[in-house]
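So that you can see what the record holds, here are the features copied from TrEMBL:
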- 702-771: coiled coil (COILED)
- 1-16: compositional bias 'Basic and acidic residues' (COMPBIAS)
- 23-34: compositional bias 'Basic and acidic residues' (COMPBIAS)
- 284-294: compositional bias 'Basic and acidic residues' (COMPBIAS)
- 347-357: compositional bias 'Basic and acidic residues' (COMPBIAS)
- 364-384: compositional bias 'Basic and acidic residues' (COMPBIAS)
- 466-485: compositional bias 'Basic and acidic residues' (COMPBIAS)
- 500-523: compositional bias 'Basic and acidic residues' (COMPBIAS)
- 524-557: compositional bias 'Acidic residues' (COMPBIAS)
- 558-582: compositional bias 'Basic and acidic residues' (COMPBIAS)
- 306-340: domain 'SAP' (DOMAIN)
- 1-39: region 'Disordered' (REGION)
- 284-306: region 'Disordered' (REGION)
- 347-384: region 'Disordered' (REGION)
- 466-582: region 'Disordered' (REGION)
Amino acid sequence: SRERERERRRSRERSPQRKRSRERSPRRDRERSPRRPRRVLPRYTVQFSKFSLDCRSCDMMELRRRYQNLYIPSDFFDAQFTWVDAFPMSRPFQLGNYCNFYVMHREVDPIDKNAAVLDPPDADHLYSAKVMLMASPSMEDLYHKSCALAEDPQELRDGFQHPARLVKFLVGMKGKDEAMAIGGHWSPSLDGPDPEKDPSVLIKTAIRCCKALTGIDLSVCTQWYRFAEIRYHRPEETHKGRTVPAHVETVVLFFPDVWHCLPTRSEWETLSRGYKQQLVEKLQEEKDDGEAKEISTPTHWSKLDPKTMKVNDLRKELESRTLSSKGLKSQLIARLTKQLKVEEQKEEQKELEKSEKEEEEEEDRKSEDDKEEEERKRQEELERQRRERRYILPDEPAIIVHPNWAAKSGKFDCSIMSLSVLLDYRLEDNKEHSFEVSLFAELFNEMLQRDFGVRIYKALISLPEREDKKDKKSKKDERKEKKEEKDDETDDPKPKRRKSGDDKDKKEERDEKKREDKRKDDSKEEEETEEDNNQEEYDPMEAEEAEDEDEDRDEEEMNKREDRKEGNKHCKERASKDKKDKTQMVTVNRDLLMAFVYFDQSHCGYLLEKDMEEILYTLGLHLSRAQVKKLLNKVVLRESCFYRRLTDTSKDEENQEESQELQEDMLGGNRLLLPSPTVKQECKAVEENVGLIVYNGAMVDVGSLLQKLEKSERVRAEIEQKLQLLEEKTDEDEKTILQLENSNKSLSAELKEVKKDLGQLQENLKTSDDKKLQFEGQLNKTIKNLATVMDEIQSVLKQDVVKNEDKDQKSKENGANV
């Protein structure tokens, strides 16, 4: 089929029509404007099933056609895909039920003893029941980790993962790499008779075998989905000494709601305390055993005197030396004295041999002993930490798994594998149990593809029709007419200017040509840089605008400078607006985004038109080519669908969107138009959906009970999340309280020191006041004394002046007399 497809492609390429279509149109040969750089699409990969997903049965040839790399056992002859009935399109499987598993080490024993029987003596190989247990993150985690929401930070967007890597399953491991579904054979005595008519019989088989292999009690599960039935034609064989005739073995793969087995927070805390207590008890037992061994070790020969010892002591010493402790006391004494002499002789010989070498090797031995001691202590510490880690449970609650290490000839183990790993099977996986796991992974992947494809189909139906090309042409004609009118108005006065100044106009034209050449060079450089930048990021909104603008530009006059300037300004404004809008985008339809992301494995942001067609054809809705083409015309742009336009909007437009209710007839496609009775029966079953049963004399509505159960589970999950947030908040509050207490203590200590300093300052102030008073008194005394002294000095000075005046008068009188 691949070779035929290649030949068809080659013939198309050789055909003249193909060549004509490849030739560039004269429109595209025109000179491109510098304002529109070429966009480079990022690498694109998509993977999906290219056959109808509503298939309910499969034989050998069909299985080989669908899964070419899958190993098919020799006894296989038929498979029934019952997941189509368990999860119809009207009631798809809902992801986002948080569940996780934690596989314990083989050293750790379960808290409650496991009394389940794996291989009873009356095990019947006509039927086998096996389970696939799913571990999945919550819906919010799925959105943020796999969808790269528009409002998420850049770190989350860069580290996205495909949803198939986040959805995981608990599988058994036989050997190193041989995965197997957990389960076993039917037992009439333990599970009940007639599993063909009574569906609860095989459910009991699955519960018993799962508990025996993993320690998980699945009796808490409320819904058991019969996912697939695999039939093998077994030839005649001898089993445990008895001849088993040829028979058909039916393996039923169940998919239970194992997330209901997840323990609550309080139960998880009690479990963690129980495992810690188990560790303490084991350490205490090992300590007691070590002490007992130390007691049973033989004492040194120099410390023993057999003649003075009692019979019990003699027997203990003989037993510690692995000698017979039977006989009379005299025999025991003789036996022990003989052994002690032998030990003495051996020790003397060893001492003589070692005495010569002891002096030379004493220093080396000490250093080696120290190193060995340090290494031994380090190894003991690492072993102790490793052992404690085995008994310590993680913070988040999980379903604890205790693999039965004695099962499957001592080679059984458990592992948690993602859906992508289970789908990546190899040709070397040529065992029957690995075939069952791989087939389940393929079917589960197809179920998710169908559900996500139906979600895309619903979104396409709800979208409005795109505007026709005629309307666009009419709008373009109106623009042309307006521009021609403007040109007629502006072209009237131009001839007068040309007559008055031809030389000036020529110079201006030359200058403008030079400027245009520079602009072209700059625009080419900008195109190259923008191409490099846009290889990683591609905006579908800009691509759509680019296509519309290219069509307009082909019809406009390219030689007008004013239009170019206006176009450049308009493009710059639009680019700046787009940058602003990018920062304000919000993912409104998260479910639709996850549906597209599941098919777009490399997160390129678009799906090709041919792949979109394949997705819609494989849903089993029996759509025609015209219907599919009409749906895809709503979203396809340049042979690709940019799904971010459907899921992301700006914050301003977020509240303006209105959800349109779709009719069930539209969602069913053309299935209701078919004459087949199975579709009509399915529709009737969906419409009726009564589900009333009699239990303890009362009519019970199972559907309403399941709805209430789902509601209570959602409420419980929300309460646990709130409780976890409150616990985190209390931890933060305790930390802040401790910080405040520490700061309070430090501030109180500082306050005491300040008070001490204040007391000292007050004392110093008092002393300084006293000194001040003393100094003031002294100053007053000195002032008084100085005043008296000054008065005396002045009186003395006055007397001296009078005497001098008298002397002068006498001298004058004597001179006059002369």
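Quick reminder: no glycine exception, Cβ is built from N, Cα and C everywhere.
TrEMBL does not curate its annotations; it predicts them automatically.
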Helix-strand-coil residue split for the compositional bias 'Basic and acidic residues' (347-357), DSSP-based: 11 helix, 0 strand, 0 coil
The domain 'SAP' (306-340) [mean pLDDT, rounded to integer]: 81
Tertiary contacts of the compositional bias 'Basic and acidic residues' (347-357), as residues 6+ beyond its ends and Cβ separation under 8 Å: 301
Secondary structure composition of the domain 'SAP' (306-340) [DSSP: H/G/I, E/B, coil]: 25 helix, 0 strand, 10 coil
Secondary structure content, the compositional bias 'Basic and acidic residues' (364-384) (per DSSP, counts of residues): 21 helix, 0 strand, 0 coil
